Amino acid sequence: MQRILMAPGQSCCALAILLAIVNFQHGGCIHVTSSASQKGGRLDLTCTLWHKKDEAEGLILFWCKDNPWNCSPETNLEQLRVKRDPETDGITEKSSQLVFTIEQATPSDSGTYQCCARSQKPEIYIHGHFLSVLVTGNHTEIRQRQRSHPDFSHINGTLSSGFLQVKAWGMLVTSLVALQALYTL
């Protein structure tokens, strides 16, 4: 058996790298999908939250309209508090759905709708794609689009590509500092 001996300073550097990697993994597999369906004048906006059993605790799923900068449970159209299902294991992905229904769509229902999820423990904020709804007379047009503004990724705690980029850069910088410390010892 081969043993690797490290100087006291080197073990701290190795610990810093390990902590950065563990922190980068945080966030699990929680994600949001949204869709829309129409029957006559009725419009159903469906938000689906995919999560594992232990990730459900404290999650709130909600719909917002024309409010991309302040979409929160306090400013929502409708919300659902996700409950932990004791019947499921911690491995299987489970879905929770929130359907926002507009019984008879009118031009005042036109706008940009977004489904989001938020948790307090740990602080997680996930926002889904936008659904653009345009109601003119008897015609309703629905389009799904990606987030178009890059600043969405700067919202504190947001699990988005911007959030993961910040985490990756943090891990890279921490690793480089640790390697430099190892090199100077």
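Every residue gets a Cβ built from N, Cα and C, even glycine.
Quick look at what Swiss-Prot lists:
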- Cys47-Cys115: disulfide bond (DISULFID)
- Cys64-Cys71: disulfide bond (DISULFID)
- 28-136: domain 'Ig-like V-type' (DOMAIN)
- Asn138: N-linked glycosylation site (CARBOHYD)
- Asn156: N-linked glycosylation site (CARBOHYD)
- Ser160: GPI-anchor amidated serine (LIPID)
- 1-27: signal peptide (SIGNAL)
*Restricting to the same chain and to sequence separations of six or more, state which residues have a Cβ under 8 Å from that of Cys47 (disulfide bond).*
Val32, Thr33, Ser34, Leu61, Trp63, Gln97, Leu98, Val99, Phe100, Cys115, Gly128
*Where among the disulfide-bonded residues Cys64, Cys115 do you find the Cβ with the fewest other Cβ atoms within 10 Å?*
Cys64
_Looking only at the domain 'Ig-like V-type' (28-136), what is the model's average confidence as pLDDT?_
84
*Which of the three DSSP-derived classes (helix, strand, coil) applies to Asn138 (N-linked glycosylation site)?*
coil
_For Asn138 (N-linked glycosylation site): intrachain residues, at least 6 apart, with Cβ closer than 8 Å_ = Gly41
